[in-house]
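Chemist: Below are the structure tokens for one structure; questions will follow.
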Amino acid sequence: MADKKRRRADSDSDSASQPFKNLLKSDAQILQILKSVSSSSSSTSKPLTLADLALSATCREVSDLSLSSVQSTIESLVLQLTHQILSGQGFSFTVPSRSSSNQLYVPELDRIVLKDKSTVRPFSHISSVRKTTITAKILSLVHQLCLKNIHVTKRDLFYTDVKLFQDQVQSDAVLDDVSCILGCTRSSLNVIAAEKGVVVGRLIFSDNGDMIDCTKMGMGGKAIPPNIDRVGDMQSDALFILLVEKDAAYIRLAEDRFYNRFPCIIVTAKGQPDVATRLFLKKMKMELKLPVLALVDSDPYGLKILSVYGCGSKNMSYDSANLTTPDIKWLGIRPSDLDKYKIPEQCRLPMTEQDIKTGKDLLEEDFVKKNPGWVEELNLMVKTKQKAEIQALSSFGFQYLSEVYLPLKLQQQDWL
């Protein structure tokens with residue numbers, strides 16, 4: 001009798017320290033809910049493309065090109081430049097503008113695309129001579145990669161001429177310009193970023209011919225390959241993909257093997273989304289036909305990160321068709337969760353003036369306006385001037401995220 005009372009007291013104490021744990025159904029019942037959600041999201045209908053729409057504005061998109069196509073396009077461009085010089089017109093590049101004014105959000109596609117405005121980058125003008133030189137240098141380096149059929153990192157590219165580039169930000173920006181000029185994806189140039197994103201959970205895929213089982217990669221998971229063309233043969237019995245903003249939350253879920261309790265694939269770019277992680281997520285979504293649920297911080301930057309995965313970044317709007325993953329759901333941490341889950345005041349942070357400005361700017365974005373739930377949550381965030389990180393849930397216990405918060409969210413299908 002004494003043992004029974006002690007167990008009941010322990011249970012009551014546990015419920016008090018871990019709010020809403022008593023509302024959880026059994027894992028079997030939650031799995032049944034997830035199976036119905038997963039089956040309803042596995043649509044076989046062909047996604048809309050820019051070509052399917054009769055838009056009033058002319059837009060441009062790049063496509064995947066073979067190395068031989070990239071090589072011949074560069075050679076054709078050089079011939080055009082030679083004719084310009086010989087005919088006395090001078091030496092200049094016509095570069096598609098990637099400015100905000102030349103971008104358009106297309107609601108039917110739920111992503112940002114690039115319009116058709118271009119700018120001229122002449123060698124003869126003092127304000128653009130250096131950038132024109134950098135453009136010619138990058139084209140020359142990419143041509144070498146095509147001839148040798150090898151990949152290099154953006155850092156490798158920068159170190160070929162540090163005095164000319166001065167800063168990697170400049171060589172990276174011109175690399176995107178070159179993609180636009182040639183009409184190809186950045187991955188078609190054989191220039192990659194260093195490995196950043198990781199994946200763990202119920203996924204098997206081939207990486208350059210080697211089969212990788214992501215349930216057997218330890219707590220750290222498998223680094224996402226920087227060149228997506230070597231990834232194939234994806235297989236999974238997962239019910240959803242969990243996209244996590246922060247490395248700390250990812251490690252918690254990986255160590256708890258959350259993906260075994262609730263079959264899923266967990267992926268993170270450890271902060272700002274990189275191209276490889278965006279491409280990998282898109283490939284998983286399209287091939288496995290699984291819903292994608294996002295776990296980000298409750299602040300404007302968490303929502304911006306989610307929107308980059310879903311709608312694209314303005315910086316790379318020219319390649320949004322390849323880099324965006326449609327219909328990502330905002331699972332948490334949402335501003336309304338702070339009161340709903342009784343996040344302690346000491347775990348909430350006051351928003352800075354810049355945070356508030358960023359939140360208000362997001363409210364003006366078309367991709368936010370399209371989702372009334374997002375608007376409501378952002379308005380609440382700006383009104384309360386409070387933000388919180390995913391780790392705020394650790395105030396209820398280090399495993400509250402994996403043992404209570406996420407299972408309850410899944411049980412209630414509480415996503416936007």
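Positions of Cβ are set from backbone N, Cα and C atoms, glycine also.
Per TrEMBL, the features are:
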ACT_SITE  TYR159  active site, nucleophile
ACT_SITE  TYR159  active site, O-(5'-phospho-DNA)-tyrosine intermediate
DOMAIN    130-191  domain 'Spo11/DNA topoisomerase VI subunit A N-terminal'
DOMAIN    195-231  domain 'Type II DNA topoisomerase VI subunit A all-beta'
DOMAIN    240-410  domain 'Topoisomerase 6 subunit A/Spo11 TOPRIM'
REGION    1-21  region 'Disordered'
Chemist: Helix, strand, coil residue numbers for the domain 'Spo11/DNA topoisomerase VI subunit A N-terminal' (130-191) per DSSP?
Modeler: 47 helix, 4 strand, 11 coil
Chemist: Grab the pLDDT values for the domain 'Spo11/DNA topoisomerase VI subunit A N-terminal' (130-191) and give me their mean, rounded.
Modeler: 94
Chemist: Could you give me three numbers for the domain 'Type II DNA topoisomerase VI subunit A all-beta' (195-231), the DSSP helix, strand and coil residue counts?
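Modeler: Residue counts for the domain 'Type II DNA topoisomerase VI subunit A all-beta' (195-231) by secondary structure: 3 helix, 15 strand, 19 coil.
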